[in-house]
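To start, the structure itself, in C-alpha cells.
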Amino acid sequence: MKSIRMLMVMLALDDLLKNPYETFRIADELRRELVGDTVTYVVNRNINFTDICINDCKFCSFRNRKKYLLSLDEIKQKVEEAVEFGCTELCIQGGLLPDADLDFYLSILQAVRDVDKKIHIHAFSPMEVVHAARNSGMTVEEVLKELKKEGLGSMPGTAAEILDDSIRALICPRKLKTAEWVEVIKTAHRVGIPTTATIMYGHIDTWEHRINHLLLIKKIQQETGGITELIPLPFMSKNNELGRYAKGSSGFDDLLMIAIARILLYPEIKNIQASWVKMGQKLAQAALHVGANDLGGTLMEENISKSAGATSGEFMHPEELRELIKIAGRVPKQRDTLYNILD
C-alpha cells in the first residue's frame, strides 16, 4: 500500500513538474490560504565561530580557508553589536573542531548569556550536536538537554543537504547519515527544542531525491510538530570540489523548488523561506509569488555562502527588507525565531 501511495505521489508531482506555471499558481494559492499576504523577516546576526573542520564535504567552500577560531571575547563583542542593533536572534554555527565537546559548545552559550539574558540563541547543527556527543561520551539527548539548560532556544536544521545516503556518500561522506539526522531532529523536538529544516539542491541530486527529502521532512513534522520553517538552499558552486562537476540550479529551478516544497509540505509546514543571500534579492521577491512567505534575516555577516560565490551581500537593514517585501506586493512583518509577529 505504501508503494502504491508513493507511485501516486510521484505521478502527481511529475505532472506538476511538466506544468510549472500551474504549479506556481497552486503553490501561491496554498501560501495565501496558510499565511495570507504577510511576508516575514527576522532581525538577526549570524556568527560563524570557526572555519576549522575535520569533515570533508565536497560542496563546502568555507572549510579551513582562513583557519580562524573566534575567542569567547570576540563572540561577546559580536553579541554586544547585535544587541545594540536590535537583533532578536543569534544564529551560531561553525566547523567541527577536532576536540570540541559539550563544554566547548556550552562555553559559547555562556558567553552569549554573559552579554544578554534574553536574546534568542538559534545554534548548532545536528552534525555539531552529534560531534559534541561523541567527544563527550554522551547521548544526543543528554547533550541537547544540557544545551537547552544553558540557553539554547532552537536549532538550525542544517547538515541535511539531501537526505539520501547514496548522495551523501558522494558529497559529504563523513557527515552524519540520514537516519542520524532524523533522530537528532526528533530528539530535539522531544526535549522541547524547535528546529528549522533545510534542503540543499542543484548538484548531483534529482527531483526524485528532492521529493523524497521533502516527504521525509513532512513525516517528521506530522510526528513532532517541531519544525518552524523549511529553507531551500541552492547549491553554490564556486571554490569547492563539487562545483567542478555541478554548476548549480537555474533561477527557474529555484522557483520550482519553492513551489513544489509549498505543495508537498501543505499544510504541515506553514513557513517557507526564500534566502535572499543565496537567491539574490530579485529572485527572492519572485519566490514570494510561488509559495515563499519569509525572506530570512538581516544576518549582519555571512561567511559560508560568500565563500562559495554568493554575491548578494551579507547584511540587509530591516528597512531594506521591508521595502523589498512591499515592492513585491506583500505586507512586511518582523517576526522572532519562532514566527511570533513583533510588529
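Every residue gets a Cβ built from N, Cα and C, even glycine.
Copied over from Swiss-Prot, here are the features:
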| type | residues | note |
| --- | --- | --- |
| BINDING | C53, C57, C60 | [4Fe-4S] cluster binding site |
| DOMAIN | 39-268 | domain 'Radical SAM core' |
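Within the model, the domain 'Radical SAM core' (39-268) carries an average pLDDT of 97. Within 10 Å of the Cβ of C60 ([4Fe-4S] cluster binding site) there are 23 other Cβ atoms, across all protein chains.
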